[in-house]
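Visitor: Below: one structure in structure tokens.
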Amino acid sequence: MSRLPVMSSKRVLPSSSSSSGGSENGQDYAPAQKKIRKDPEPGKAFAAATVIGSRRPPAAVTRAPISKPVRGVGAATVATGPSRDKSKISKHKFFHYIPLSAGGTGANKRKAWDLKGKVSDMEVKMRDYQTKVKSVNKENEVLRGTMVQSQTRVAEIEKELERQRGQIRTYEEELQVLSGVRDELETVSSEKMTLQKELSNLEGKYKVMETLRDSQETELQTLKIKLSVQESTLARLQSTLREMEEEVCSLKETVTQQKDELHAGEMERRRLHNTIQELKGNIRVFCRVRPVVDGGVSKHIQLPASDTKMITLAKTEESHTGKTTDTQKNYNFSFDRVFGPAASQQEIFEEISLLVQSALDGYNVCCFAYGQTGSGKTYTMEGDEFTETRGVIPRAVQQVFKAAEKLAAQGWEFNFTASFVEIYNESLRDLLYTGKASKRPEHEIRKSVTNEVTITNLTYEKVVNEDQVLGLIALANQNRSTAQTAQNDRSSRSHSVFQLDIEGVNGGRDIKCKSTLCLVDLAGSERMLKSQSQGERFKEMTAINGSLSNLGIVISALANKENYIPYRNSKLTYLLQGCLGGNSKTLMFVNIAPEPDSFGETLNSLRFASKVNDCVIGTASANRK
């Protein structure tokens, strides 16, 4: 009897997408068709042998039956054992061939020559197997539906799937050498039982998944309720937001309106402020009496308690004949404000702070201190390092920068340029010069077409805050010319002029303004006999007195409203011509010493201040575009 040819069979693996549900035993496989080849010896047929391994496949392993179209010759079915490594197959597996009769087993055994009958019987068996395979496939479809619920075990199933794929490859190799239909049927039955067990397991898992799904649905309902509450809250917040946006728009309109009103109020304030300053006089004179060094009281200077604008100098004169008693002669003077020895630096600055404010409003402002050496001019203008004793210059700078910061909220932007020049022996010196003394440039006063006075080769520093200006003032004090005289151990031998140029722009309202704040500390004024100056000091005193005399001449010419004003007679009057006779507001401090031996110098200073106080230069106007 000849052997039946061994069929080669392969299983078709489903795509990964069909196994997304996953199961404990891996993916289901569709049945594959078997091919039948003819035996080279017709008339002889052998049944396929069953491979008996060392172990039976585990119950959890499942495989779909295999069915393929049958050829017109006899065929055999291959049953396989569990998947093993190729190296283990050769050691533990044995192959047995079981002969089959032409008509199959049983009473109706066909003749050996009835090959067609044998093929017909085999086809009947194959159809039975295919029917069973379809049934198993339907069960697999049911299992595939239940496996969708087992997503949580994808990782384990994929691992099991790889193991089963290895087994399937082993099965496919074994199917090429096996031809036992009965054993194949037993294998299919065993696999069916395994699948039934797996189905039972999956049904249990499905119930667990249903329970989990119910809990998740409950949680989902809770989340939906929370979402509904959140949506309601969101709608309420959106409504509130819309109301707030409307309120913000309304507030913006109010702010715009208030800015316009604030600007109008600021312009009105400037107008009224400068009207007040004009009513007080464009050239104002303040008198300040220095305290006595030893703390005593000066008897020849009288300050009425009820009048802050009067000062009286009293002098006792002896009788020329000797027959009459001594007589007392009084010299009365009236100024815009008289400060006694007890007046503080803050009190003095408060009186001129409104004048400093005019500089930011576009008006040129000039403040200068006049008096004999040792009367307190430098202390009034510069003061000490401490906050309480700071003078007019540092306080004015502080006020300018603070006011500029407040005006920035109204759209103003300011640029500041500082310079410090000294007039020494009728020559100009740059007090901010930091180069070599031998290379100092020469300076000349120039007047532009717009009547602006400038100095050639002078250092102009851009400044942005108060500290920068104070640093420049300290540098200027180090460079200023001083010397010892009979009146003062460290007397200023020159006139110092500090200028702060201010340029303001309000882009939103297309307004520009330009002004100059000029603060001057004049040199000491005293007679040559009083100062006992000799040599170089005598030359300095001559230049100082000459410039101060020319200042008096210019002021007298202005007071008399003469056609020609001799500004060019001295560098001091030429430099200050914009402050004295131009478009500016001017303040003069006359400082007097309280000592009795300074009576003559004090009287001269007060007389000079009275001339200035009587000077009228016209109404100042703002440099605004």
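Cβ atoms here come from the backbone N, Cα and C positions, even for glycine.
A TrEMBL annotation is a machine prediction, not a hand-curated record.
Because the structure is a prediction, the values reported are computed rather than measured.
The ATP binding site annotation in TrEMBL covers G371, Q372, T373, G374, S375, G376, K377, T378. As annotated by TrEMBL, coiled coil applies to 119-247. What TrEMBL records for 282-615 is domain 'Kinesin motor'. Positions annotated as region 'Disordered' by TrEMBL: 1-66.
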Visitor: Around G374 (ATP binding site), how many other CB atoms lie within 10 A of its CB?
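Guide: For G374 (ATP binding site), the 10 Å Cβ neighbour count is 23.
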Visitor: Determine the Cβ neighbour count for G376 (ATP binding site): the number of other Cβ atoms within 10 Å of its Cβ.
Guide: 21
Visitor: Within 10 angstroms of the C-beta of S375 (ATP binding site), what count of other C-beta atoms is obtained when all protein chains are considered?
Guide: 30
Visitor: Enumerate same-chain residues with a sequence separation of six or more from G371 (ATP binding site) and a Cβ-Cβ distance below 8 A; give 'none' if the list is empty.
Guide: K377, L522, G524, S525, F589, V590, N591, I592, A593, S605
